Structure formats: C-alpha cells, structure tokens
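Since the structure comes first, as structure tokens, the remarks are kept for the end.
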Amino acid sequence: MKLAGLKSVDGAHEESIWAAAWAPAADHRPTALLLTGALDETVRAWRPDDLAAASPPARGHALGVLSLAAHPAGVIAAAVSLDSYIRVFDVDSGASVATLDAPPSEVWGVQFHPKGVALAAAGGGSGSVKLWDTEKWQPIASLPVPRPEGARPDKTGSGKFVLSVAWSPDGKLLACGSMDGTIAVYDAVRMKFLHHLEGHHMPVRSMVFSPVDPHVLFTGCDDSHIHIYDAKEKGLIGAMSGHASWVLSIDVSPDGMAVATGSSDRTVRLWDINARASVQTMSNHSDQVWAVAFRPPGGEGVRAGRLASASDDKSISLYDYS
Amino acid sequence: MASVYIPVQGTEEEVRVALDHLPQDASDILDILKAEQAPLHLWLIIAREYFKQGKIEQFRQILEEGSGPEIDEYYAEVKYERIAILNALGAFHTFFGKAERAPQKEAHFKEATQYYNRASRIDETEPSTWIGKGQLCVAKGELQMASDSFKIVLDEDGDNFPALLGQASVYFLMGDVEQQHKKALECYRNSLDLYKRALRAYTDCPPAVRLGIAFCRYKLGQLDRARQAFERVLQLDPENVDALVALAIMDLQTNEASGIRRGMEKMGRAFEIYPYCTLALNHLANHYFFTGQHFVVEQLTETALSSSNHGLLKSQSYYNLARSYHSKGDIETAGRYYMASVKEINKPQDFVLPFVGLGQIHLKFGDYKRSLASFEKVLEVHPENCESLKAIGNIYTNLGENDKAIETFKKVTRIDPKDHQAFVELGELLVESDWAAAMEYLKTARSLLKKASEKIPVELLNGIGLLYFEKAEFELAEQSFKEALGDGIWVSMMDGSVGRSMVSWSVQYRDQTFFHQLEEQMLVELPCDKVTTLFNYARLLEELQDTVKASLLYRLIIFKYPDYIDAYLRLAAIAKGKNNIQLSIELIGDALKINSKYPNALSMLGSLELQSDENWLTAKERFRDAKDATGGKDPYSLLQLGNWNYFAANRPEKKASKFEATHREKAKELFLNVLKQNQSNMFAANGIGILHAEKAQWDIAKELFTQVHEAASGSIFVQVPDVWINLAHIYFAQGLFQQAVKTYQNCLRKFFYNTDATILLYLARTHYEAEQWQECRNSLLRAIHLAPSNYLLRFNVGVSMQKFSASTLQKTKRTADEVRATVSELENAIRVFSLLSVASTYHSHGFDERKIETHVEYCKHLLDAAKVHRDAAEQAEQQTKQRLEVTRQIALADEARRRAEEQRKFQLERRKQEDELKQVMQQEQHFERVKEQWKHSSNSAGKRKDRSKHDDEDGESGKRRRKGGKRRKDQKTKMQYEEEEEDQYRNEPEEDDYATMTVGDRSGKAPDHLLAAAGLEDSDAEDETGHPQSAIERKRRSAWSESDDDEPARRPAEPSPRADDPSE
C-alpha cells in the first residue's frame, strides 16, 4: 500500500482550492473527471490522467466553493458556495441544473445518496441535515441533530453547526459531523435519528463510510485524529494520530484497505486501516490540504488506483495508489 | 592432680593445697602462706594458678601481698623470688595496659613501670626484669627503648630466648611502623634473624615462635617460605589459629575462586577452633557480606567486636556491620556503625573505607557538608580515587556549584579516561549551558560502555535522547529512547500488537480496565528505572503528533505507578488539546488527589477555568495556590496571576474604571516581579509590552516585542506566537499596514498552519484599514471557511464588500468589469446580510437585526445605483466596442488605400519609365522624323503629342479627386460618431456627479450615521476589544504549552540515583 506522485498542477486555480471530487465515468464519457472548487469562485474540471483542463472554468460560485459532490451516474455534480447556495450543474457542459438553498441555514458539506436518489447537505447553523430528491430537486427532509444527553447547554449557539455528511454505501445510514465534534447517525431509510458517536470535541470537517463494511465510518477532526467508528453499534473501534494539525479531509480507497487524509499541516497521509498506522506522508503541498479523493472504480481502463489532492496553495496533485 | 605442699612452720608437716580446688577467697590461702611463712615460689605458683583460672583479683591479691614491704623485710634474702613476683605483677599490668583504653591504660603502665623499677632495685642485672621492661616499652610503643632493654639481656646472654623473641618482635614492629620500604624490609630481616636464633637456641620452643618467622617471611614477600613456615606451625600445633588465619588470608589473596574457597575453609576452621579471633571473624564477615548473608555478618562482627580491643580490628568489624546495614538499606544504623568505625581509627591512612561509607550516608541524608568532609578524608589518602571524586562531584552538583562539579568530574576523566560515569555526569551538568559539549560527553560515555560491551545505563541513553529531542532531532531521539527502554510491554504497544483492541478507551483516558485485562493474559511490567524514559518517549510521541500512542504510554505509567503526577497532567493536556475540557479537568483532579499542592496541576486547572468563562474567578485562587505552593519562586504561576489580572481588567463586564486600572497595575507588578527573578523571561516581557501598548506607548511596546521576538527564535520548546501578533498590532496601530500584514501572515503560517481564524480577522482588519478590499474580503472568507459558526466574520465580510462597492463607485474612472464586479459584490453582500438577518432569529449571535436591515437597505440602494452604472458602463462598453470596430475598419481602409497608393505609385513609375522609354523612342523617332523633317522640314506634330500627355495626367487627377471625396465622407461619419460620443461624455459626467454626490453624501454625512447605525463602528470596536483580549488568551495558551514543554527539558537536570547507590 503506497502512493506515488504522478502529476501536480500549480496554479490550477487563481485562489485557494477548497474542494475536490471525482465525477465517475458516464455513459457518454468513458473516463472520470476531477472537479475542483476554489475561493476564486470557479469550479474546474480536469482530465483524469494528465490533469489537463477538461473545460473552461465554470464561474459564479459566489464567495468561493466549499464543497463538491458528484452524482454516482457521473452526469451531474453539486457545488456548495459560501453564499449558501448549492448549484447543481452538468459536469460536461457546466450548464446549471438546479440551484438549491435552505434559508436561513447555511449549507456546508454535500453528498449524493449512493444510488443517486437524494442529495444530503450539512445544514450549518440550523443544526440539521437537509435532503433533496434529485429528480424534482424538492426538499424531502430536514434531520435535526439532537443535543447529546448530559451535554451542557450551549450558550453561543455555534455548537451544533453541521459541517459534514456521509452516506453509508448501502444507503442505510447517514451520518453528520459538527463544529463541537458531535457526530449524529440516522437511519436513512426511515429518516430517524439513531445515536451520537462520542470521542471528538472539535470540528469534524470530513467523514466517509467504508466501501467494504457499510457500518464503518472514518472521521477526520480538528483534534488531528482520525477515528474509526462502528456507526451501527455506536462504538469507537480505532483511533489514529500523526497529523500535526487539523484533519481537513478524509477519503477511503475503493478497496477499503486504506484511508487518505489531507491536513492543515500541509501533508497528505495514507493510513493502513488494519494496522491502524500511518504508512506514508506526502509533503508536496505547501499549504493546507482541503481535499483528498480516491478516483471511483469503473470506466475505461481504470484499473489503477488514483488519489487526487487539492490545497490552499492553489495546486492539485494526482497520485498512483497501489 | 597437681598440688602444692606448704610446709608448716616448725614441724615436718605440710599443708596440701589442691591447685584445682583453690578457695574462692584468696585470703584463706594468703593467711596460710603468711602464717606458715611459706617460701615465695609457692606464692607465685598459687597466684599463677589463679591467673590461669581467670581469677584475676585473687592473683593480684596474692602477688600484691607477696610484694608488700613486710615480705621485702622478711624475705630480704630471697632475691630471685621477690623479683619474680614483681615482674609477674609488671607483666600483668603491661598486659592490661595493652588491652585497656586510656586512662586505665596509663595507670596500668605506670604500675608496671613501678614494679619493674622495684625489681631492678633488688637486682639490676636480672635479665627477666629487663625483658619485662622491654615488653612494657613495646606495649607503650617505645620501640627503641624496648630494643635497648632486650639488648642489655642479649649482651649478657646471646641465647636468652625471651629476649630474642622480644627483640625480634621489636624489629618486626619497627618494620610495620617504618615508612620507608627499604628500611622496613631491613627491620623484618633483622627480626627474622632473631627468630631464627631463638629457634636455634631453643629447638623445643612453642610453635608460635615459628609464626614470627612466617610473618617475617610474609612481610619480606617470601610468600612460599612464609606458607611453609605457617604450615610447619600447623603441623606442630594443628589448632594454631593465627597460622590458620594467616594461611587463610594468603589463600584469599590469591584472588582465585579455588584459593578463596580454601581460604574460607581455613577461616572456618580457625573459627571453630577459636571463635573469638577478631581477624578471622572480620574476614568471615567480609566474605558473608559478599555472599549476601547479612545475618551471619552481623553475628560474626558482633562477636568480633566483643572479643577484641584492637582499634583497627574493631574499626573493621564496625565497618563490616555498617556495610551490611547499608546494603540492606538501613542507612541510619549503617551511619551509626560507620561513625563507630571511624572513631576507632586514629588517622584515615589506617583504614579509609568507613569514610567512604560515611560520606555516602551523609550524601543520602542530604548532609552535603559532612559528606564532603568524609570524601575529602578519603582523598587525603588516595588523591586520585575516582569514586570519591565522583561523589564529591555529585555533592557539588547537589549544592548547585556546577562549575566545581564540572571541574571535579573533568579531573576524573583525566585520571581515568574510561570512566563513563564521569562522562555521563559531565554531560548532564552541561545539558543546559552547552548542548554540544553535553552531547559529546554523553556520546563518549556511550561509546566507552559499548567498547567495554557493558550494558548502557538507561539514564545515559535517556539523556542522549533528550538532547536530540531538544534539538528537534526526533528520529535520533526516538532511537535513543527505544534503546534505553529495551524490550518490554511498550514495544508491543508501539507496533500495535497490543492495544489495538483498546481503542474505545483511547478516548476515555481514565479507564484502566484494559490493563487489568491485559495483566490477566500476560505480565505487565515497567521497571522503575525506565519510567522517566518512557515518559520522555511519550513526550516525544506527542511532539511527533502520535498522541494515541503517547496516551497509551502515559496510562501504562499510571497503571504501574499511580503516583506519577506528570503522566496525569500530560493526559490532561492531550485531552485539552482535543478540546475535551471535562476529561481534562477530571484528570487534573486525579493529579491533585495525589498532591493537592502540585503547582503545575493547579496552574493547568486555573487555565482551564479561565477559559470556561464561568469559573474565571476561581482561576485566580488556583494561580494563587500554585504561587504559594512554590513559595512565590515559580515564575509561571506569577505570570499566570499577572495574566489573570490583565484578563480581569479587560472583562467586558461593567465595572468602575478604577478596578480596571488596579488590575492593570497588579498585572504589571507581577510581570516585573518575574523579570526581577529571571531577566530573560520572555512571557513577562511580552506582558509588560502589552500593558504599554494598552496605553498607546507604541515605541516602548514595540521595543519589548521586538526583543522577545528575537529571543524566541531559538529553542523548539519556547514558542511565542503572541509576540508576533502583538508586534503586528503595533505596526497596525502605527499605520504600518504592509508590515502588519506580513507579520500576521508569518505568524499564521509559522505557528498555526494557517488555521487561526482570529489572526485572519486581524489580517482582514489591516487590509480594511489599508483599503485593500479584495484582500480584506478574501481573508474574511478564509476565516469563515475555518470557523463557519463565527457570524461576526460573516457580518464583516458583508461590510467589506459593501465598502468595496461604495469605493469603486466613487472612483471617477472605472471599467465596466469593475462596475460589474461591484454589482455582484453588492448582491453577495445583500445575500450575506439577509442570511444573517434571518439567522439571527434562530441564534443570538449578538447582532441587532435592525442594523443588519439597514445594511441590507443601504446595499440595495447602492445596488440600484450600481446597476444604473453597470448599464451605463455596459452601454459605454458597447459603444467603445463599436468605436473600436470603426477604428479598426478605418485602419483597414487606410491600409487598403495605402496599398492602392503604393500600387498606383508603382504603376505610375512603371508608366513613367515606359513613358520615358516611349519618349526616348519617340525622340528617337522624332529625331528620325526631324531628321526626316530636316529632310522634309515640319514642326506641328510635336505639339500634339505634348497635349495628349497632359490629358493623361488630367485623367489621373480625376481619379484622385474621387478618392478624396470618399475620404471626406469617411471623415464626416467619424465626426458624427464623435459628436454622439461627446454627447455621451457630456451626459456621463452629469450622471457621475450625481453618483458621486449620492455616494459622497453617503460616505460623507449620512454614512456616518448609517455606519454607526449599521454597527460598522461597532465591528471595528469589536475588533479592537477583540485584539488584545485574544492576544492575552493566546499568551495563556502558549504559556500553558510552555510549561508542558518545559518538563522534559528540566528532566535531565534531575540527579540520577546512581550516585547514592550504597553497595558501590
């Protein structure tokens, strides 16, 4: 299990890059595309192997792009900007499909349902997860994060700022992470809150379910730790430390053996899940690494594992994962 | 059955006295002896018998009676017997004088002298008297006089056996006393000769005489012959203890296992024969000390002590006893016996070992002065004794006299360049002052040990590891620590084979069930000499960010050593780092249960309370307790109190300004106090800088901050990001925005991995003041990205966009792009403000909804204006585009014309040439014709030709004129455009005036009101109050981390326990 740098593009955006996501290969397009979003208010698309620009930058993502998610079919993607709009667009043409918002709440992280039937968004200060259907783009649910038992009353009101969401690969569980470290798990079928996952006390900015074990959730937190939870059984089953600063992004490899993390300590780390240990540290970025993303399997000739990372240093990097 | 018969005076009868039935009361016998006027030799026999039976008093009674004046008178003629009695008494007193201590000793010798003198008065030449005198002199240590006495006898009778023996022993003793080796040997040789003579003179002499020979040979280094002599003694007298012991000692001295065994066997036999031989007892005790049978040692030495009066031997016995107690750890008893041992010694040269022991005991008790004195005694005898020198070095270390200590240890390394301990000590002494030298010494020690293939002590590797740690050489540090720790449970913890299942408790630091479970499966051990290293290793792991493993190690330490407070505090710090404040407080509580006065724990608790906002008042109590616990000497607690006062002064609560000033004064006083104790305390200097800055004394503050800033860029353990921030604040306050920005940015990058939203806010504010709107906006957006729940940032970003728009609209010249950007920014601002406004119904983030509304309204108004501008600008842009198109076409036309012209010119030229040619030809023709005319004489044809040429020219100019007309038309259209444009221009300024008017109005008078109403001023004010407050918060934070980080740095300075090791 290792990473090997393939290509980096400096100045991929004019400003700090905050989001990256792979749009999977689609019927009309044989290869996946890497999407990146930045403070420069653009979303750009890149070819999967040489990181050549695939289309001119799509503008209008006002105040900067916070989060990106691609629909599993690879045709559309959603970008969240600091102006609290979710702009759903066609990956290839850049044409707008829908613009969503959930006033008065902000929107932060977004994720499509693994089957693509719904879009979940972290509802920021509303302390909830918002869901839309992907056909008519109508809101279908708002799942509030209950206050954990015995928690002290939160005077500032900023505690339950929801930052991140994740669907389990079977679509049965939905989890969200907040500024105060609270992680809430929902039954995504019955739209019911299940329980909290304990252990973090700082912002959980990124989380992802294991593709091989639909109960296992990996979380990255500002406490610079990575936690491994059994989201179903409510148990912390692993913790890994090594980053010198916040863990900003986390993704799990398609084979489910490794997780990659990006941190404000300017590094990308690869972790062996079974050994619960860091196996590699990439230091090619010179500023916070806001996004790491493994390329989804599928498409023409893409046996090889690929990891992409995007950073505040305006660069994106592509690695071979093997 | 031996008896004596006392003849009854005047009869033939005799009284039979059975010698083994002598009456208890000597008076009975005396009565008989006196009454019957028994011959004096009978008196002597009976007295001697009493003596043999140990009835000393009776012996004395008889002989004293027998030497009384009556006897002298009555037996005046019986010279020999009277002398014999006196000599017996003299010998008796000599013997006791030898055994007793002063003053009885002196009394006995005096008595003895008197008796001998009386004997001499009876008969000067009696050899036995001289011999007795000689022995008395020997006892008194007057060897020369003794020798003289014996010589007198020997001069008379060269074979006088007792005199020979006496003289021999005198020489022997002289040899012992003699300082010079050669002379001493001479004495022994003389002694040996005399013993030989004695043996020749009296071949049947007791075997003890041969002992003399043996000892002399031994002293002369003729060990084999000495051994033969001793063995000979043993043949004659198998129970001769002296010979046995001597042989045993010789065996022991071979230093071979078999020799020692034989020696001990002999010692044992000697002990069985005569259990009171001190020498044998001492040796036996010595042996059993090394075999660790302390009970036997005590018994043996106690017997030895009770059976000897010889000072040196007693001293050795006490020493054995003391050593035994010492090694058992009963150092108080050991100390007493060492003292006893020392008291038996006249000068340290005789027996130096108890001084070593005593020194060690004093050292243990912390009585450095007396310890030093003891070791210096040792040095008097052995000036190059490394062990004592090292002990002295340790004493100096403990007394804080590092220079002397270093000097001492350096001396050790000079004497013995292979003494690794000294190198270790030197390394540890230099840890703080001279990193490179310390490293060098420790490495030397390590390589010495490696060469000797000895086990490298944990402390040494720990020290090397810490030095690397300090220089941030983490890999090397880790290697050292790992080597020091060796194999153990921690190895399996590190590689993950143990502890992977214990994740659930990697968060619950206080839950120790895992170790209990583990202990059921395997042995969980942690040797006490490795705890410190393990702790340091955990600190290193923390530094390497592997807090999961670090916390495991801390908990292992706590599991095995529940009183290791620092481990609790580190866990508390880790919990705090993960923002688990509740757990952190509980862990500190655990620490305080162990020691409620532990200043570090109190300080940490105080810091946590200060942050929690609810308990900030109790925080002061903690700091005060911490200060009291350290006797006010700990700068850290003083700093914290200072910070607390500063914090209290800046509390937003309503209070009299008087209190604010007192708090500030108090803070300053505390900071100055710290500086008084420690001039280079950066945190105190920083604090004072802040207080100056508060009073707007920028220059002083700047000076202070700059100095701290420079000083801080050294060690990895001291990081003072606050001083960067404070410096930047000063730049900001002085309007040096460029420098402020740079300093904020450097600080963010260097210390916070660009993750601190507050510093980004400072940065944005600086950009705002510098009117760099875009930078301001982006800084704020970054801050929001980092701290999304901070609504203040959102408000500020709205304000910055509003300001940007307003300022763009004020510009007299701007592009359509700029105006477009303005419009979209205004739309964004409105979006931000309206989101805030709606959100404020949900959250109480401290904004007045009305204010936000005003902002929204204002932005909307601006937007309307901006839209007009945009439309206008876009129109203008359109027109500019058209104009550009026209210009382009003109340019194209010009180009075409130019080409046409060229073409024409070219053609003209060609035609001209053709014409010329034609002309030439024509002329030629003409000439021909003229010639012909001349021949035929005619002129008219030439004129016609000329005219046709002119016509040609005319045609050309007509063409040109057409072209010129076209140009005029072009010019006209252009003029039209220009006119139109001019209109456009004319219109624009008017509009502009209006716009600037309105904008100016808004940014002039109304904005003031508006801004105030909208809370712009407020936001500034918030920023302002925000800055020093968070700076102090930062200060606290880093002060906290400073204290934590200080620990490993301090650790090497702790004395290693090795120096006190008793069994050395």
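Backbone N, Cα and C atoms are what each Cβ position is placed from, and that goes for glycine too.
Listed in TrEMBL:
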REPEAT    B:207-240  repeat 'TPR'
REPEAT    B:352-385  repeat 'TPR'
REPEAT    B:386-419  repeat 'TPR'
REPEAT    B:721-754  repeat 'TPR'
COMPBIAS  B:908-918  compositional bias 'Basic and acidic residues'
REGION    B:908-1064  region 'Disordered'
COMPBIAS  B:925-935  compositional bias 'Basic and acidic residues'
COMPBIAS  B:948-958  compositional bias 'Basic and acidic residues'
COMPBIAS  B:959-971  compositional bias 'Basic residues'
COMPBIAS  B:978-994  compositional bias 'Acidic residues'
COMPBIAS  B:1048-1064  compositional bias 'Basic and acidic residues'
Discussion item. Do any residues, 6 or more residues outside the repeat 'TPR' (B:386-419), come within under 8 Å Cβ-to-Cβ of it, and if so which ones?
Written reply: 356, 359-360, 363, 366, 368, 371-372, 375-376, 378-379, 425-426, 429-430, 433, 448, 452, 1055, 1059, 1064
Discussion item. Within the compositional bias 'Basic and acidic residues' (B:908-918), count helix residues (DSSP H, G, I), strand residues (E, B) and coil residues, in that order.
Written reply: 11 helix, 0 strand, 0 coil
Worksheet item: So what pLDDT does the repeat 'TPR' (B:207-240) average out to?
Response: 78
Discussion item. Based on DSSP, tally up the residues of the repeat 'TPR' (B:207-240) by helix, strand and coil.
Written reply: 26 helix, 0 strand, 8 coil
Worksheet, complete the sentence: Across the repeat 'TPR' (B:721-754), DSSP labelling yields 29 helix, 0 strand, 5 coil
Worksheet item: DSSP says what for the repeat 'TPR' (B:386-419): how many helix, strand, coil residues?
Response: 28 helix, 0 strand, 6 coil
